[in-house]
Amino acid sequence: MTDQKLVTVIDYGMGNLRSVAKAAEHAADSNTRICISDKAEDIRSADAIIFPGQGAAKACMKALNETNITHALIQAATEKPFLGICMGLQVLMTHSQENEGVDCLDILKGDVQKFDLSGHPELKMPHMGWNQIHQTIDHPLWHNIEQNSRFYFVHSYFVSPHDKQIIAGETTHGKRFTSAIAQNNLFAIQAHPEKSADAGLQLFKNFLNWNGQ
């Protein structure tokens, strides 16, 4: 009998966890168990990690620090298949401009910047709704997802990684911005795959089948 695969969805009070967990469960096979947890031991024992998030960077970092899971989270982000979603992408960076400046997890070197929509009166903030992701690299998490597929976004800030080689996807809202990154065992996306219909479901399937390489 094959050992069951455990995927932990990290609960730190800042994500639509149920929607993410339900989408992952829908994508999972019978040998995969999805659990929601705020415990460091469940992060360490998991075979893969999903790190969702929504809200403001300062509140997210405060919540992470209060749950005492930061060390386990950083360790997992370098060791096992790891999927960051929305704010779960942004707080992986070094620093965010949000809330007058917030130090983030510094797992990935880079900054989080606010959209500048000057010259684009037709565009709104936040960037909300469906938009295309242009895949900039060939990656297992893009498997069976068509180029320029539409995903659902809700955000006012975007990541700017120092190493442009880790950019996995780009989207245009006034300007072209990084909407997905990939580095070793880690993949993170600005959009909400749990709200992104078939493309989002396929992304979850790809992640659950991914060995992190």
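Just so you know, glycine gets a Cβ as well, placed from its N, Cα and C.
These figures come from a predicted structure and were not determined experimentally.
Feature list (source: Swiss-Prot):
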| type | residues | note |
| --- | --- | --- |
| ACT_SITE | Cys86 | active site, nucleophile |
| ACT_SITE | His192 | active site |
| ACT_SITE | Glu194 | active site |
| DOMAIN | 6-213 | domain 'Glutamine amidotransferase type-1' |
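Each residue contributes its Cα atom, and for Cys86 (active site, nucleophile) and His192 (active site) those atoms are 6 Å apart.
Considering other CB atoms within 10 Å as the measure, the emptiest surroundings among the active-site residues Cys86, His192, Glu194 are those of His192.
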